[in-house]
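Annotated features, as they stand in TrEMBL:
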TRANSMEM  B:9-30  transmembrane segment
DOMAIN    B:96-294  domain 'ABC transmembrane type-1'
TRANSMEM  B:104-123  transmembrane segment
TRANSMEM  B:130-157  transmembrane segment
TRANSMEM  B:169-187  transmembrane segment
TRANSMEM  B:230-255  transmembrane segment
TRANSMEM  B:275-301  transmembrane segment
Amino acid sequence: MPESPVLTVSDLHVRLGSTHVVNGAGFSLAAGRTLALLGESGSGKSVTARTIMGLIRPPHGRVTAGTVLLHGQDLLAMPEERRRALRSTTISMVFQDALSALNPVLSVGYQIAELFRAHRGMSRAEARRAAVDVLGQVRIPAAARRAGDYPHQFSGGMRQRVGIALAIALRPDVIIADEPTTALDVTVQAQILRLLGDIQREHGTALLLITHDMGVVADMADRVAVMYAGRVVEQATAAEVFARPRHPYSEALLGAIPRPHLRGRELAVISGAPPDLSVPDEGCRFRTRCRYRIEDCERNPPEHDLGGGRSTACHEWEKVGSA
Amino acid sequence: MGPYVLRRVLMAIPVLLGTTFVIYLAVYALPGDPIQALAGPNQVISPSVAQALRERFHLDQPLVVQYGLYLRGLLGGDLGTSFTGRPVTEIIAASWPVTAQLGGTAWIIMAVAGVALGVVAAVRRGAADAAVLFGTTLALGVPFFVVAYVTQIVFGVQLGWLPVSGVEAGWPLAYILPGLVLALSGLPQVARLTRTSVLDGLAADHVETAVAKGLTGTAVLFRHVVRNSLIPVVSLLGVSLGYLLGGTVLVEGIFNLPGLGYQIYTAIPQHDGPVVVGIGTMLVLVFLSVNLLVDLLYGVLDPRIRLG
């Protein structure tokens, strides 16, 4: 890989109860770049993100294997106290639904100021000024006045700006954004994505963008990691995936995008259903829905390194995307 | 805020009228003759004296007239006169400090211990949770007066740590046992509600945000879980004060504390209507005021209600 990675996830396995939600996920994120973690609901992308942040904890879930290297240090092997100190200062997260992600009974200014008080040791007054400043950075009008308002007094878009303010306040090196625009109106989605992109460029932050939206990937991502059944099945630059996917699932996802010139025809769907992850399976998880299926698919395909940071987990990758 | 408070105060008027009437009715319906009760069970009273007393206390009038006369006095600030000849206002003035100290002590024990037990049960789970569940079930199941007598025997008589009766020892000593017994009547509900509410609070999405912010475990627990979870508990604590005030009648009777409850406790067998109704009205008024205060506090704790 040409650029040095700031965040590297390798062979991550996570169980929620008896379900193996993440099964050997791995990808890396370069400093200042955007990696889209792409997949359908239940593919394990959110759980992967929350595992990186340390939000998956017993008794609800358990990390059974893998490493998460942030600046070369394994977060999963770190004592909790050191890990806590890294949250928000080095790695932070924007949640999907800002309304439920913000505390309803504390003012937004207070909730941002808490970061400066906890990590920078600021006084109440200093922290409050810093919070107003951050609200200004995410372009909330009349930030000084609105800092005293509560989450329910903001519109959806403004609320997600507050969510972004929380994530950028301490200038972390990595921001994880878990479907940050899914809960928003289409018109507001673009504004929020632009804001995230602008901030990322200004601060040189690396962005791990979790999404199921191909349009978002095309707009924002430098690289893409496609997840299926808890595993990253393809990694490539965004341009490469759109030009020629090397995994049948990526190809199927691209095929499912509605296109203007196909107007009036039935929308393409991926036939079949996602696998039941509580049942162990030695084979490729996508084989039941795959049109390239061969006998080898009964054993899980290894990751083929295609060079230039590109990889795919498919026995038949050479045939994929040639159509 | 202003109109809201005014509306609540106006709403208190029909509630007060209703409760006083019900208490009045209850005393009126008590079996036995109040004049005979006043004289003592085996005394013979001359018919003319009895008649004079009946007229003086309007006992010869129909219930509605009696109640009307009572209300007329109430408007002038006159709560009536006890059958013993003492004005009810005077009795209240002499008794309320005892009840205030008892109720306050019990309420604080109930709030602090109830919330603490609930939080511990929710956060620690396992053995602590089971112990709280067992303890609260026991407290709910064992009748009030049994607990009172057992604590009197154990802590007062056998161990001799605390007085079993009267207020000579002053606050806090004289109020610890009765306060504890009274607090036990509401503590299980407070602990259970706190536990449930904190468990819900722990599962809220914004708690993940707080963790992701890199706050310490204590900050997450107290600022982002417990604070939010206490909102319904505060409401219960307000309502519980009403039950505590009702409980003072028994507790003050058992522990011989000369408070408002004690006055009712001794007035009921005497059929002393003015005392029962007067103090009852007083307690209802306190209950309504406290609940108004709690509702206002609710708005302070939860901006979604305040700013609607």
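Just so it is clear, glycine is given a Cβ too, placed from its N, Cα and C backbone atoms.
Counting Cβ pairs closer than 8 Å and at least 6 residues apart in sequence, the transmembrane segment (B:230-255) and the transmembrane segment (B:9-30) reach fewer than three and form no contact. Same-chain neighbours of the transmembrane segment (B:169-187): 101-103, 105-107, 109-110, 113-114, 117, 136, 139, 144, 147-148, 151-152, 155-156, 162-163, 240, 243-244, 247-248, 251-252, 254-255, 257, counting only residues six or more beyond its ends whose CB sits under 8 Å from a CB of the stretch. Beyond the transmembrane segment (B:9-30), the same-chain residues lying 6 or more positions past its ends with a Cβ under 8 Å from any Cβ of the stretch are 63, 66-67, 70-71, 74, 268, 271, 273, 276-277, 280-281, 284-285, 288, 292. The list of residues near the transmembrane segment (B:104-123) in space but at least 6 beyond its ends in sequence, with Cβ under 8 angstroms from a Cβ of it, reads 129, 131-133, 135-136, 171-172, 175-176, 178-180, 182-183, 186-199, 202, 221, 226, 230, 233, 237, 240-241, 244, 247.
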